[in-house]
Amino acid sequence: MTTKLEDKHAGNGDLVGEGQPYLGEKYQANGKPVANGRGEISVKQEANGKCGVPRKSLNMYSWQEIQKHNQKADQWLVINRKVYDVTGWANKHPGGSRILNHYAGEDATDVFRAMHLDLDIVKLYLKPLLIGELAPEEPSQERHKSSQLVEDFRELRRTLEAMNMFKANPMFFFLHFSQILILETLAWLIVWHFGSGWPVTIFISFLLTISQVQCFLLQHDLGHISIFPKSKWSRLMQKFMMSHLKGLSTCWWNHRHFQHHVKTNIYPKDPDINTGPLFVNGYLKPAQNGKKKISYISYEKQHLCFYMVGLFLLMPVYANLMSMEMMYLQKSWGEFAWVSSFYIHYFIMFGPFYGIFGTILLIFLVKFLESPWVAYVTQMSHVPMRISKEENRDWLSAQVLATCNVEQSFFNDWFTGHLNFQIEHHLFPTMPCHNYHKVAPLVRSLCAKHGLQYVNKPLLKAFGDITRDLKKSATLWMDAYYET
């Protein structure tokens, strides 16, 4: 159903919908949003009729019509009841075209708010994409979603914004950054003073491993623009952390990580659960591969493959190869320069003691040691949770069902970079990580109100649940494979 109605007032053509104060709208007296303080019109001019603002005519759409536009060549989405055609702009989207395609034909209000920091800038990009709005008789979200749950979650976000939970503590992140530089500098000073013997090399490898993992965790915060008030500062600092200090492409990381966030554990939209031939996880892929007699490896032993291959080769092999592949395919020469600077600075620091070949070995030893740490932190909160095909759930339910927390302690917070609060992180990606523990009780209460299980477990149990889940998936594969 598509109809056309005349706007009753000029403000009806705003970019992301009216009556949504938590989106940070700034309105003039006539109800129109102000973008970056421009376009100011005096109330007196309005009263005298001198502005001549034309009335806009917006198409009215039903959810049934919107849901038809869910293909790569035809992508519509809804944000605060406004309908946008993002087909032609998808390839220009800073977060990648796939994110928009993943939400084509759906309500994207909450994911839009969750993933963006500077809304004034984003709304300028949205304006030319506006094609209409939901018909008055249509609900604000798809009919199968609970309107009360959705509204309760949005009220929670408004509450957290009023509590300044999205404001970063500069000293916290300065100390985090300082520990990275201190550990790397300390490693160099030890080699310079004590020489490059095996005991010293092993010791500094552990120092550098801690530095590298903490660098990875800090760049993750920067990628979510949760530290600086301006996204461009975060992007620049992320390049320094991820590319210069770790030797990996930020574009590669952001491209896959943002998809993971918007469609967590949704197969095949979440790249983190597309494990190729090495593993079958969840309950869909094992059954499908089993019925098709697909057996790249002996999947009944895939938990051993995780220990022997997945844990130790994630960073030195997989991450490096995928990073280089993306830089090559996209011809990202600027990224190549940033990544090259990582190797250059390592050769300058440790080359005089180990030589070129020895420094390369040191680099890969450190990556080999950091790999299990990164693998456990990134996998323990999702692998044991629900993995499914697209179900188009509301934002709160989708994230809580696919994510679990690990109990809080000083060590757990430091070890995981506060990603032991993975539920809160997924609900509010732009929130500074030091505030997760403050908002966790409110999130837990909301989950209890709506019958959602809020999973919180000990660290070692979270580690063990990865392999236990891989064993369960292997059993599903074997049942389907040997079924006559």
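Backbone N, Cα and C define each Cβ position, glycine as well.
Feature annotation from TrEMBL assigns compositional bias 'Basic and acidic residues' to 1-11. The domain 'Cytochrome b5 heme-binding' annotation in TrEMBL covers 58-135. Among the features that TrEMBL reports, region 'Disordered' is placed at 1-22. Annotation source TrEMBL lists transmembrane segment at 172-191, 197-218, 304-323, 343-366.
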In the domain 'Cytochrome b5 heme-binding' (58-135), how many residues does DSSP put in helix, strand and coil?
31 helix, 22 strand, 25 coil
Which residues, given as numbers and ranges, are at least 6 beyond the ends of the transmembrane segment (343-366) yet have a Cβ under 8 Å from it?
184, 188, 191-192, 195-196, 201, 205, 208-209, 212, 244, 247, 316
Looking only at the domain 'Cytochrome b5 heme-binding' (58-135), what is the model's average confidence as pLDDT?
93
